[in-house]
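What Swiss-Prot records for T56, Y119 is site 'Part of a proton relay during catalysis', and it gives sequence analysis as the kind of evidence. Per Swiss-Prot, pyruvate binding site is recorded for T57, I213, and the stated evidence type is sequence analysis. What Swiss-Prot lists as active site, proton donor/acceptor is Y145. The annotation active site, schiff-base intermediate with substrate is assigned in Swiss-Prot to K173 on the grounds of sequence analysis.
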Amino acid sequence: MPVSTSGFDAPARLGTLLTAMATPFKPDGSLDIETAARLATRLVDAGCDGLVVSGTTGESPTTTDDEKILLLRTVLEAVGDRARIVAGAGTYDTAHSIHLAKASAAEGAHGLLVVTPYYSRPPQAGLVAHFTAVADATDLPNILYDIPPRSVVPIEWDTIRRLAQHPNIVAIKDAKADLHGGGQIIAETGLAYYSGDDALNLPWLAMGAVGFISVWGHLAASQLRDMLSAFASGDVATARKINVALGPLSAAQSRLGGVTLSKAGLRLQGFEVGDPRLPQIPANDVQLQALAADMRAASVLR
């Protein structure tokens, strides 16, 4: 089996703890650039060595192309060389995805996150053509985002094996939760794997993943960094302890979803990023109370 990415240093080029950054909005719903810069700095200060801008948690379906590029520019300027910045470039339209990829590369992004085309449910041959076209559009490393709960269509293992031969396709963000299959792909292809489901962060490390692309990083970046460090040093017991301690956040995310969890959780921690854009909605008072209880149980809120 070809090993297309054996020489690619994903931790150095893309990071190991990347938070899929929420996009701050002002009360009138417009993009809040000043808060975006402060949020990016806050996350890097807390232990993130990478950020994803304009991903799912960043409400990419509801932001314009101009807003995406302005947000990317703002985050790059805010964190400088302290973290790797990955731009969300995936849509259900190949031409539009290529446009976003080129614009992100021109702005200075360090990598691209390209989600499986959603809604249109393309066949596997269509996925190969789509991901290849986006990967061909720039010289940036591409992370493919495999998330069947949102896209319906998974990236099948044989499709990943084919795509792994492309020099710019270097990593997978996995929200498919097939640990055994993913472990086989890691061994066969050399692709870097990132956990895309915080509840499975530690199991993915055991299968050979290099890190996380996280929602919980908004609220628990220092704990996730400690878990990564403990696992890397062979202290699995400490990594397990941290993983269990963060468990209440899983229940909260199941109730609220990643966007609302991130924004409501930051609000509870005293960092205001505004409400989501419709069709996402903010947490109500009852939900905030339940979230606060979960965050206290996870030791991420006093």
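Every residue, even glycine, has its Cβ placed from backbone N, Cα and C.
For T57 (pyruvate binding site), the number of other Cβ atoms no farther than 10 Å from its own Cβ, over all displayed protein chains, is 25.
Distance from the CA of Y145 (active site, proton donor/acceptor) to the CA of K173 (active site, schiff-base intermediate with substrate) is 5 Å.
Listed in sequence order, the residues of the same chain lying 6 or more apart from Y119 (site 'Part of a proton relay during catalysis') and placing their CB within less than 8 Å of its CB are Y92. Around I213 (pyruvate binding site), taking its Cβ as the centre, 30 other Cβ atoms fall within 10 Å, counting all chains.
For T56 (site 'Part of a proton relay during catalysis'), applying a Cβ distance below 8 Å and a minimum sequence separation of six or more within one chain yields A20, G88, V115, I147, R150, G258, V259. Within 10 Å of the Cβ of K173 (active site, schiff-base intermediate with substrate) there are 27 other Cβ atoms, across all protein chains.
The two recorded residues T57 (pyruvate binding site) and the residue listed as 'active site, proton donor/acceptor' have their Cα atoms spaced 13 Å from each other.
Spatially close to Y145 (active site, proton donor/acceptor) yet at least six residues away along the chain are G55, G90, L113, V114, V115, T116, I172, K173, A175, G196, judged by Cβ distances under 8 angstroms.
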